[in-house]
There are 2 protein chains.
Amino acid sequence: MSENISPFAPDEFPTLPPLRGFTMATAEAGVKYRARTDLWVLRCDPGTQVAGVFTQNRCPGAPVDWSRKALRATSGGPRLVVVNSGTANVFSGQAGRDAVLETARGAAHAFGGSPDTVQIASTGVIGVALKAEKLVAQFSDMADRLAPDGWAAAARAIMTTDTFAKGTTQTAMIGDTRVTLNGIAKGSGMIAPDMATMLAYIATDAAIDAATLQSLLAEFTGPTFNSVTVDSDTSTSDTLLLLASGAAGNSDDDLTDFRRALHAVMFELSQQIVRDGEGISKLITIKVSGAVSDTSAHVIAKSVANSPLVKTAVAGEDANWGRIVMAVGKAGEPAERDALSIHIGPHLLATKGQPDPNYHEEMGATYMKQREIEFHIDLGLGDGAATVYASDLTHAYIDINADYRS
Amino acid sequence: MSENISPFAPDEFPTLPPLRGFTMATAEAGVKYRARTDLWVLRCDPGTQVAGVFTQNRCPGAPVDWSRKALRATSGGPRLVVVNSGTANVFSGQAGRDAVLETARGAAHAFGGSPDTVQIASTGVIGVALKAEKLVAQFSDMADRLAPDGWAAAARAIMTTDTFAKGTTQTAMIGDTRVTLNGIAKGSGMIAPDMATMLAYIATDAAIDAATLQSLLAEFTGPTFNSVTVDSDTSTSDTLLLLASGAAGNSDDDLTDFRRALHAVMFELSQQIVRDGEGISKLITIKVSGAVSDTSAHVIAKSVANSPLVKTAVAGEDANWGRIVMAVGKAGEPAERDALSIHIGPHLLATKGQPDPNYHEEMGATYMKQREIEFHIDLGLGDGAATVYASDLTHAYIDINADYRS
């Protein structure tokens, strides 16, 4: 864990209210960390609908393999979510698979439900098998302490290199029924989610079927979790779950306001992740317009967002738009040097293949001192647009990652 | 320019002999740097055959646009190569195009030949138009000083953030005729060449036609310049030229030994570039075997080579093979976690989806203290193989790039 708190850390964790249909507990299982919680169990009442997306990394962890299957499994009992920090249980072979099974069985035994439906996630160092007995040893006591409150504690228990706990809440109306959505997440490094983020859990008391939940996740993941990047590295453990207990008892199926609220929760959690990007000193917003398609715009924005030379220039408060041109050009997407224009904040820097005559270096130098930097790149080719959010690349990133395991 | 010399810098620049058919000069044109040379002109005797590859970046500089055309142009006179450091003359609009034309005309006037056949390259900051008059002002004096010697001076004149001048030489037999190849290059940052490197010039006195030269370049660029990476950023100015004066007068067309020598020159220059990677403390060799194809192996090796988390782990002397698994998995190429094996140097770290039982952390810890680190990743799927060379990611990289322009 880093000693330096992100400059974007909120003053305090928001108040996430208890949600009907969900109880939880955290514990100090001692997986790796000492003197802090590292285990969270969420118990979802019978009937809870679930949707999820997982990492597209070709070498996922045993928990991801298990949880993909668990998503489709059903039973009459409660559904459980078990998350530990300290080890990712990735590339841990048969021992890792055994640990997942043992965890699922232990959890179902203590909290009810079927092992097959237990959602398991582990986050931390790769290549070390989880010692499931450390988790299982806590379950009985945790079962006695299950409570509807505890979202802030949960957000803390799942942190690894995060410098602040991440959570948000929204309410929405479905017909005449007020429903609530709570979300927590963790993530700070190895962040370039691909169809999912590190770990994010969103729970609601709304009554919405699993298929609808899944399609909502698919729709909103692109512009939220898949539009932030810290270091271009895609985790082997990315997991995003959406759980709906149905306890609110809504019957109307007009999800207009719920969609707004869900998007807001997903956007806010993804923002908190990038704003806690390892070593971040400045947040970079890259808006691309005028591309031949939205997908093309997204690829170009990601190319700029992941360029080490762009990220170090921002860290150095250098309005080095030449590196932006380079990163646009290397993306491999349609781009024409002489049709391109680039704004940094309100300033038009470059247009028609050359620096704008009204731009002076002092404008950029002053603007770059801000903590939040926005680049707007217009390609002048079509209607495609995308926005990506990134952290900069600083000495602190190297400090964190050159000795993460030690 | 960096004050810290790469730990991989050679003790001295090799001795590159004069080559029949080529003369050259350098000068202090004062484009940006002070008290150092920043301009090189190479004059190639009439009849010299030329081949070249250029950046695949979609936003190339005006000199690249010009030089692509110049490659196909011919005249009865000498062919000229003009290279300056200090500004890249990229994204410099009409002023940049005018500067290229003015440079070509001025060079042809002073050194002979047609402006259309002048090869021009500029390297340095993007977004600033070259002041051609600064180059042209030097040409008359340089024409008086043209000499067959001067390769070391040329290699120094084209440096930007390089910490050492790069050059190599080979001889080869074509039939009974001994021919010589000299190569110089520059490059240190913005290095992930795509069909070319930063700037590299290879000259030979052999008599070989342009079409053959071009096919040799195409064949050898993949395993040499395209297999090194510093920061995954592809320059807008990458240029690789191969010039053959024919002065050796060889008639035999058995190029077996010439091919060996050319490959050796290209490999050595590409090695010198990655070994001068900005901020390098360790050289990383990534060998991938067992992939479904050579191309797939290359993509996977590049994914590992460009992963900030792998590069920082190496800088921190951490044998963090979990990050290698992650980088293999995120490449998007066929890979099976449980078929994968990973060696670090002589040590088998991981196999069949888990750490090898005979591996102990101390083995990796000791090995990682070396200056040259080798990862061997076997995918266990097919016969595809590739090797990529990379620098690590250090504080010095950030120091160099957070304030390059100031």
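Don't overthink the numbers, they just go from 1 along the chain as shown.
Keep in mind that glycine also has a Cβ here, set from the backbone N, Cα and C atoms.
Those TrEMBL annotations? Automatic predictions, nothing curated.
Note that the structure is a prediction, hence the values are computed from the model and not measured.
The feature active site, nucleophile is assigned by TrEMBL to B:Thr197.
Taken from TrEMBL, the feature substrate binding site applies to B:Thr160, B:Lys186, B:Thr197, B:Glu278, B:Asn401, B:Ser406. DSSP assigns B:Glu278 (substrate binding site) to coil in the three-state reduction, outside any helix or strand.
Those binding-site residues from the list B:Thr160, B:Lys186, B:Glu278, B:Asn401 that have a Cβ under 8 Å from chain A Cβ atoms: B:Asn401. When secondary structure is read from DSSP and collapsed to three states, B:Asn401 (substrate binding site) falls in the helix class. Within the group of binding-site residues (B:Thr160, B:Asn401), the Cβ with the highest number of other Cβ atoms inside 10 Å belongs to B:Asn401. Mapped onto three states, the DSSP output places B:Thr160 (substrate binding site) in coil.
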